[in-house]
Amino acid sequence: MESKLEEPLRPISYLISENLFNSIFLHKDDNACPAINFYNYTSFIQAAKCFPNFGNTGDIATRKREIAAFLAQISHETTGGWATAPDGPYAWGLCFKEEINPQSNYCDSTNTQWPCYPGKSYHGRGPIQLSWNYNYGPAGKAVGFDGLRNPEIVANHSLIAFKTGLWFWMTEQSPKPSCHDVMVGKYVPTEADLAANRTAGYGLVTNIINGGLECGIPNDARVNDRIGFFQRYAQLFKVDTGPNLDCANQKPF
């Protein structure tokens, strides 16, 4: 039972070395990738220090699995991969830092708590592709930038970019649990969650991130892409993925 003991808080660099990071993101600095030289290892490790429970909860396998799950989800959000890509479709995470040809400015004008600033666009930026004024506002407040007046910084400052991704991962936004709590076994389903078949696992993380578009659909290609990244990364971390990888039978939040 030794392995189940809570380990002390440590910088996650002991679980993910720069070599491992680079073997996960084989092509992020290819000339073909718009985010070339943007998502560097140092920024990732620095950002993680601002969220000390990330990759630092539970036993070593749980910690590694959480890091692998986070990196897999941000890889899907920023992928430059395609089916026959060199090294396979799951070697092209962190290729983009900004949404290409956004269909709108992602301003929810009904949200008065985080009002849009004139002329600003809240389209997807950074590793989690932070979107909408109601995410930019609180993300900025939490990690130290003006999300409503200066959303562009998320695509221009790699440390802030990684911090927004980790903020989204670590922060519960009711009725959704945090991605972190799901991956470390701290998610306690409500009656509504049970009725919606929202069972713990990587599939629930996908539901939190984009369930409205991707969940409750059999064999969704986007869900499968997220799973493909996670399976590859879990293997590199030498951990299993755990159960419930998809959200085909879950209702979105």
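In case you wondered, yes, glycine gets a Cβ from its N, Cα and C as well.
Feature annotations, courtesy of TrEMBL:
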type	residues	note
DISULFID	C33-C95	disulfide bond
ACT_SITE	E77	active site, proton donor
DISULFID	C107-C116	disulfide bond
DOMAIN	160-170	domain 'Glycoside hydrolase family 19 catalytic'
DISULFID	C215-C247	disulfide bond
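For the pair E77 (active site, proton donor) and C33 (disulfide bond), the C-alpha distance works out to 14 angstrom. Helix first, then strand, then coil: DSSP counts for the domain 'Glycoside hydrolase family 19 catalytic' (160-170) stand at 11 helix, 0 strand, 0 coil. The two recorded residues C116 (disulfide bond) and C247 (disulfide bond) have their Cα atoms spaced 32 Å from each other. Geometry remark: C107 (disulfide bond) versus C215 (disulfide bond), CA distance 24 Å. Counted within 10 Å of its Cβ, the other Cβ atoms near C95 (disulfide bond) come to 22, all protein chains included. Long-range Cβ proximity for C33 (disulfide bond), meaning a same-chain Cβ under 8 A and a gap of 6 or more residues, is found for H27, G80, W92, L94, C95, F96.
Of all the disulfide-bonded residues listed (C107, C116, C247), C247 sits in the most crowded Cβ setting, with the most other Cβ atoms within 10 Å. Other Cβ atoms within 10 Å of the Cβ of E77 (active site, proton donor) number 23 in total over all chains. Over all protein chains present, the Cβ of C215 (disulfide bond) has 26 other Cβ atoms lying within 10 Å.
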